[in-house]
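Take a look at the structure below.
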Amino acid sequence: MPNASSWSASSPLLLLWDDSSGTRIFLSLLYAVLAISGTLSNVMVIYLVFSFKKLQTTSNAFIVNGCAADLSVCALWMPQEAVLGLLPPNSSSLRSAEYRLLRGGLLGLGLTVSLASHLLVAFNRYVLITKLPSVYQALYQRKHTGCMIGLSWALALLPVPLLPGLWTLGSAQSDGGSRYSALLLALAVLGQTALLLHCYLGIVRRVRGSAKRVSVLNFHLLHHVSVLLLCCVFLLGTQPLVWVSLLGFFLRPAPPALQAASWLLLCSLSALNPLLYTWRSEEFRRAARSVLP
């Protein structure tokens, strides 16, 4: 019987090897649904931004960057998890170290750039609302925007040597290393979340103190309900993994099912991100209506 520290360094569904076939089939179907819906929504947002000039803004450039990263998770990683979950647990494909590294690389690259894009969007809107127009124009010139997007991908490639421990979350062979990798991941996500909330709370404070109704790049973002929903969904997707990782490092490992659920929530953000940033935009809705039957 595997213990909590050896759970699924090689399991495709982040579950113990002795999980029932019914559970594995259910999670395979869940991954398949997320893969299809996430791929379609991310591709749609990218297509709309490239097809309609009104949508080609700096903020949308960061959103497209996040969608491209989310495709790495939804279109490349999730389908593999859905298929591998239907294979016998002792399948040689699942035990291949090289294949686990490849899958971990796809997941790590996609999630890292996606989380960085969340922060880039929030900071872009924070500067637009709270700073002078001249400051915004100087900071977000085309070349600067390109450098920010390129930097998000470069930073995602830095932890490549740590991928086996960082993105497969546990290995019986190097339990200590995986614990420190999980701590590093938790602290990075926690810091990113603090910066993101600082930006959005700063926007809300600024708007409350203004007598004018502000529209950000055709996003009616500054309705407080929209900001609150975006932050709540983001927190729901990221914080369980943070606190499960911190609990495992400082006290005792959380139950394997709770660890798996926290990872599944984080990965599901890749399918939800396009909706979070476009559902309140009249420009996106108008563009979508013009291309959909």
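First residue shown is number 1, and so on along the chain.
Cβ atoms here come from the backbone N, Cα and C positions, even for glycine.
Per TrEMBL, the feature domain 'G-protein coupled receptors family 1 profile' maps to 41-277.
Look at TrEMBL and you will find 25-50 (among others) tagged as transmembrane segment. Here the transmembrane segment (25-50) has long-range neighbours at 13, 15, 56, 60-61, 63-64, 67-68, 70-71, 73-75, 78-79, 81-83, 85-86, 264, 267-268, 270-275, 277-278, 284, 287-288, 291, meaning same-chain residues at least 6 beyond its ends whose C-beta is under 8 angstroms from one of its own.
Marked as transmembrane segment by TrEMBL: 62-80 (among others). Here the transmembrane segment (62-80) has long-range neighbours at 12, 31-32, 34-35, 38-39, 42-43, 45-46, 49-50, 103, 106-107, 109-114, 117-118, 120-121, 124, 145, 148-149, 152, 156, 267, 269-271, 273-274, 277-278, meaning same-chain residues at least 6 beyond its ends whose C-beta is under 8 angstroms from one of its own.
Positions annotated as transmembrane segment by TrEMBL: 100-123 (among others).
As annotated by TrEMBL, transmembrane segment applies to 144-162 (among others).
Sequence annotations record features per position, and here TrEMBL assigns transmembrane segment to 182-204 (among others).
Under the heading transmembrane segment, TrEMBL lists 225-251 (among others).
Annotation source TrEMBL lists transmembrane segment at 257-279 (among others). Here the transmembrane segment (257-279) has long-range neighbours at 4, 7-8, 13-15, 27, 30, 34-35, 37-38, 41-42, 44-45, 63, 66-67, 69-70, 73-74, 77-78, 107, 110-111, 114, 118, 121, 169, 219, 229-230, 233-234, 236-238, 240-241, 244, 248, 285, meaning same-chain residues at least 6 beyond its ends whose C-beta is under 8 angstroms from one of its own.
Each residue in the domain 'G-protein coupled receptors family 1 profile' (41-277) has a pLDDT score, and their mean in this model is 80.
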